[in-house]
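Just below is one structure, and these are the notes that go with it.
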Amino acid sequence: MSDINKPFLVVIVGPTASGKTELSIELAKQINGEIISGDSMQVYKQMDIGTAKVTNEEMDGIPHYMIDILNPDDSFSVYDFKLRAQALIEDITSRGKIPIIAGGTGLYIQSLIYDYPFDDETVSKEVEQKTQLQLQKLEPLTNQEVHDYLATFDPQSAKDIHPNNRKRVLRAIEYYLNTKKLISSRKKVQQFTENYDTLLIGIEMSRKTLYSRINKRVDIMLGHGLFNEVKNLVEQGYESTQSMQAIGYKELVPVVNGELSIDQAVETLKQHSRQYAKRQLTWFKNKLTVQWFNRETMSLQMMLDEITTQINKRSSKHDCKPQHPRSSTREL
């Protein structure tokens, strides 16, 4: 299928605290767009501050999707994201608007843009239930023990995935339990046919500036009540759920339990956030063809002008109606 026959899609990526939310909202105002979150954690209710979830005030009337759709103990896979996002893109496009994906979860973005062969991830409820029971047995194990288990049947994935990346390790195990196939083998035969006419935009800046923004964002989150958010989740019994392994939550659980000081936890949280941002940038630059905009050399308005110029050229073949801009209230 030629690009002219594919739905038009704008994707905004970048590391945490780079300004994706602000750019996506301002862009949506100018191009008659609606925003789909491409963040794996913003789907969860009650996890607002630690995921830097956009507020109703910041949305400023722009529709946002894939936010607050699950409870903290619900499971959510790349395949789930792809199905929901595809339906949303179809709906948004059918109404003459432009869908904008904004987020930092690289695998989610890649699975949506390209034709991932996910057919064999559709499993029966019986198999899925058995898989979940087996995964529950792994919960008490350490990261290294879970990683060692993965290595018994998929040594290549064990080699590719760090033991501390528990989420990816568990995803590889879950894939095997559901399909009896190795996720490492699937990647080798993966197709990369583009599903959409995609304008892929990335935000970058110097490491020094990015790390400063990350540290400031953590301080802002704490000032807005991140500790109480984590405490409330722990008190509701969500401590052992997969969602609570996210950065911003796992670091503060020991504080809630009286096992660590808040100062130590904050330093760890900032360090983990900086490390995650570095991994995000590496992933995007290795896996996707991104048009990068430097936030230090370009103002927000300069980025918007350049992006809208490109969109106007490409969207002339699509039924899209640009609008006039309004201002944003977004912090970091």
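Cβ coordinates are placed from backbone N, Cα and C, and glycine is handled just like the others.
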Which stretch, out of 39-42, 215-218, 235-238, is listed as region 'Interaction with substrate tRNA' by Swiss-Prot?
39-42
Neighbour count, 10 Å Cβ-Cβ cut-off, for T21 (ATP binding site): what number do you get?
26
Using DSSP, what's the helix, strand and coil tally for the region 'Interaction with substrate tRNA' (39-42)?
0 helix, 0 strand, 4 coil
What Cα-Cα separation, expressed in whole Å, is found between S18 (ATP binding site) and T105 (site 'Interaction with substrate tRNA')?
13
Could you check the recorded positions S18, T105 and say which one's CB has the most other CB atoms within 10 Å?
S18
Filter the binding-site residues G14, G19, K20, T21 down to those whose C-alpha lies within 10 angstroms of the C-alpha of T105 (site 'Interaction with substrate tRNA'); answer none if the list is empty.
G14
Sorted by position, what residues of the same chain at least six away from T16 (ATP binding site) have a C-beta under 8 A from it?
A52, G104, I214, R217, S273, Y276, A277, Q280
